[in-house]
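Visitor: My questions will all concern the structure given below.
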């Protein structure tokens, strides 16, 4: 309570100082470009910024004086990007932010930003760059390639971000900052913003801050949307209301948890999740049936999903590991797919008809089937803990046992490899959050991401943060545990010590020790 009071006093003092020093006239407030960025981030409920200092971003130390946004200095830029990714996944209705320096810093972070793009996570990457004069004259500066090409890093960023802004004049700063932030939020993808050293403290009008940025996509075309709704309702009737809902990754990424939960409550249709959709809905709900992963799904779940007359897919992402290596046995003629920017009704695609606006209307129309849908049986998959007589801990024993350890509102992070596969069938308590990188699969991501997850969980007053990782993966980013302890974060970390890369052993052969074995640092 004392810390909260101190933070509030600090915030009010900060605002008072702004009022004293930044008003140009009665009608126009002038603030620095750096303050403009922070004010926008504050509106987006950002409370932590990750990064590594460097000479071209040193003037961004303005964040250290902010009363509600904390600077989280990382061990390296890749870890910072991973942490921003984890933060954005758990915080919801917000974004992750990572700050790096020109060239050497941003390239170190690029793998983490690529992962955020792949998995549709909203992250703002701010890069401190040389002055506008240097960018125009192109001297042979440090951190460059020595060939006068100052745009090469921006071109790299173009491949892995949804929008980019290179601010070269203060007159364009506010509009460009707002543009990339809006793209980041609406499309749930990372964006790239460069800030030259000499513009950081330049003052601009704060007028645009009076209007908060849009967090939702543009409304659907009403005529097309009505047609799509009619088509869906006709298919539901033809299916005799035997409808199964399959919730996937993009429902989480595009902040659709509430809308999906409303659908579940108002219609009572059976609902299942994909690996990337895990914990999109409460796994304790009586209408939740389990995880569908194509041919490797538990038989009782597989039968219910694949034999349904109609599948309503919400936020589908049909990657290899998310579909059991593309082994879905669901014909397109039995499928309706709702996505962020289009809808697929069997084979007919409707561009621009997004689920954010469509699903609430569809829910209201489907609610009339509630009584019938409630009678459709849902399998209750129970994961029993087997009895083990061997001292060796097997995956067969470990995952059901650790499931008994989970509590309501835990934030659970799993690493690429055996952790990702083992945890999928473990039922998770109500209001828990599951975080993994099943599509991009960059080993080491989970440990650094846990830093961001733990900070976001603390902001949201969630329970424990729990990490599952392997000894091989952990060695890539283990130093970020020091940042966790520095910020008094106490995640519970399970290290599955396989003395090497266990997945690769199975893929490549146990006799290939040079490739698959690692030094045993965890005995």
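Glycine is no exception: its Cβ is also placed from the backbone N, Cα and C atoms.
Just lifted these from TrEMBL, have a look:
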type	residues	note
DOMAIN	32-142	domain 'Thiamine pyrophosphate enzyme N-terminal TPP-binding'
DOMAIN	230-347	domain 'Thiamine pyrophosphate enzyme central'
DOMAIN	431-507	domain 'Thiamine pyrophosphate enzyme TPP-binding'
BINDING	471, 498, 500	Mg(2+) binding site
Visitor: Please work out the number of neighbouring Cβ atoms within 10 Å of the Cβ of residue 500 (Mg(2+) binding site), leaving out its own Cβ.
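Guide: If we count other Cβ atoms within 10 Å of residue 500 (Mg(2+) binding site), we arrive at 19.
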Visitor: Just to confirm my parser: what is the rounded mean pLDDT across the domain 'Thiamine pyrophosphate enzyme N-terminal TPP-binding' (32-142)?
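Guide: Mean pLDDT for the domain 'Thiamine pyrophosphate enzyme N-terminal TPP-binding' (32-142): 94.
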Visitor: For residue 500 (Mg(2+) binding site), what is the secondary structure state per DSSP, taken as helix, strand or coil?
Guide: strand
Visitor: Counting by DSSP secondary structure, give me helix, strand and coil numbers for the domain 'Thiamine pyrophosphate enzyme N-terminal TPP-binding' (32-142).
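Guide: The breakdown for the domain 'Thiamine pyrophosphate enzyme N-terminal TPP-binding' (32-142) reads 55 helix, 22 strand, 34 coil.
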